[in-house]
Amino acid sequence: MERKSSIELLNSESGHHCNASSDSLGSDSKSSSLNSKLGQEPAQPSNNNEPIQTSRPDDLPLLPGEIIQGFAREVTYLCPYSGPARGILSVTNYKLYFRSIDRETPYVVEVPLGVVSRVEKVGGQLSRGENSYGIELFCKDMRNLRFGHKQENHSRRNVFEKLQQYAFPLSHKLPIFAFEYTETFPENGWNIHEPIAELKRMGVPNDMWKISRINENYEICDSYPTILAIPTQVTDEEIRVIAQFRSRGRIPVLSWIHPESQATITRASQPLVGVGGKRCKEDERYIQMIMDANAQSHKLFIMDARPSANAIANKAKGGGYESEESYQNAELVFLDIHNIHVMRESQRKLKELCFPQIDEARWFSGVDSTYWLKHIKCILAGACRIVDKVENHKTSVLVHCSDGWDRTAQLTALAMLLLDPYYRTIKGFEVLIEKEWLSFGHKFQQRIGHGDDKHSDADRSPVFLQLIDAVWQVTTMFRHAFEFNEHFLITILDHLYSCRFGTFLFNSDRERNQENMKQRTVSLWSYINSSLDLYKNPLYFPQLHVLEPIASMRHIKLWKGLYCRWNPSMRAQDPIYQRTRELLVLKEQLDKSSEECRKELKARMPRTVSTPTRLASHIHI
């Protein structure tokens, strides 16, 4: 889909507006850094929350609702790969935009401010040497950006203030850009996930499972959706008792049901057994109902995502895990996936390894020392164990960690992706994210830190990033099984941070409904689904396969297309996405030609000749 390029410039005294649309966060964009001073008339200092009055710089693409807050000339972007570039730095309520003026082909750096984790001043009044005085930005997408300012221009303070305000709007009582972004698209992405329609697609309600609205007012659990699928035999009174026994009220509910065996994947939080080993008869009976709903097996596996030591330690805090003595015919398995703090430290080490320079002599040992790939392997291995129990053993599985909104979501979403080919389509994957992550209360606001300046907050963690990494790993093992390509996954991650869309804002459905997100913001899926060809895998061939990847360190690899993409030496030499579009056109032509040949052959064949039909069946890879 062709993007608009016209720019409407309003009177500079009332701010700078533009109705142009531009994809400001391309996955193959150049490495970026910021250096410039904001234009400001010294005699007319402006309020910190108002746009700086100045004439606008050349060629600054703006999105609908995006306003220039100011710009600075004679700023130097200190690119760690191609050296310093002198130019103009602009700051809007959405992005930082640098354009060089000292090169024949302008060097452009465009960074949505939602990507920025923190902003720091570099050097002081006594700093000597070129570009020793300036600003450095630390980003959530594995890069840092450094800009040099001339002390005599007195530009750094203004740039720093504007960056602080619009990179961290919530900390300055300003709106996140998603509430000001006004672009329209042909499809409303907020309608991509209809909970009841998705349950009906899986064959629910049925004899064993019912659709319940007991959480319609979020009385049972404020981080769960309003519509839940639960066993038909359970009463509302029992649900209320069970909610008291499960951390945060997150009772076991249905995520997925096998179309043939009726084996299920359910999700929950830890039981509140504590050091005294408390029991809840209603919870034990409820787990038995989940087990009985699957006539193919008289056993249930409880997959606890945590290392056993962590689960035991949680008893001291009032949490814990199910006792196999209390829960008859249930087998408890610990999956050894570490907590959010371990994952955050692993990501920090990975960033140090990948940016700015790569030490090739110690590359492999460096990757190994981050433990990042080991963590991805553990998540993938856990999902594979769930798939094996559900598909091959026809046994139901209950998944939980501590609160059930981090590791649990990783495991259920990944297992469902491997089991159900619907989730391997573009729209099916969007539904999977909406369902298992957004509606079931993954705390995106806390884990990402949208709009706030608390960069060292202990709640920050790359939990969702790890899911997308694990999905990418599977796409490299089964290249024909997914309708979407790598660009699709990177676009999702880029806009996880950008704050351009409302999709990933806030911590739960309840909070998003309170803020009227569907009416006030644009969905990321509206944007993606308006240009589907950009995100399609030309090698995709729809099949009913249940994917069973090998979760081994021999097969897990570092996603260089994401983590090392800012380094020109690590980028693919060919224009991959252009080649993909060409392949899609060729595929369409070949499909058309094949269909014409098939019709011609059918017309030539005698009417009496008939061919036996083949029954579709699950095929294991």
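Note that Cβ sites are derived from N, Cα and C of the backbone, with glycine treated the same way.
Please treat TrEMBL annotations as automatic predictions, because they have not gone through curation.
Lifted from TrEMBL, the feature list:
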type     : residues                                                                                               : note
ACT_SITE : Cys401                                                                                                 : active site, phosphocysteine intermediate
BINDING  : Asn314, Lys315, Ala316, Lys317, Asn339, Ile340, Cys401, Ser402, Asp403, Gly404, Trp405, Asp406, Arg407 : substrate binding site
COMPBIAS : 21-39                                                                                                  : compositional bias 'Low complexity'
COMPBIAS : 43-55                                                                                                  : compositional bias 'Polar residues'
DOMAIN   : 189-563                                                                                                : domain 'Myotubularin phosphatase'
REGION   : 1-59                                                                                                   : region 'Disordered'
List the same-chain residues at least 6 positions away in sequence whose Cβ sits under 8 Å from the Cβ of Asp403 (substrate binding site), in sequence order, or say none.
Ser247, Arg248, Arg250, Ser269, Gln270
Of Ala316, Cys401, the recorded positions given in the record, which has the fewest other CB atoms within 10 A of its CB?
Ala316
Kindly state the mean pLDDT of the domain 'Myotubularin phosphatase' (189-563) in the predicted structure.
97
Around the C-beta of Asn314 (substrate binding site), how many further C-beta atoms are within 10 angstroms, looking at every protein chain?
20
Are there residues of the same chain, six or more positions away from Arg407 (substrate binding site), whose CB falls under 8 angstroms from its CB, and which are they?
Ala305, Arg306, Leu335, Ile337, Ile379, Cys401, Val463
Based on Cβ atoms within 10 Å, give me the single least packed residue among the binding-site residues Asn339, Trp405.
Asn339
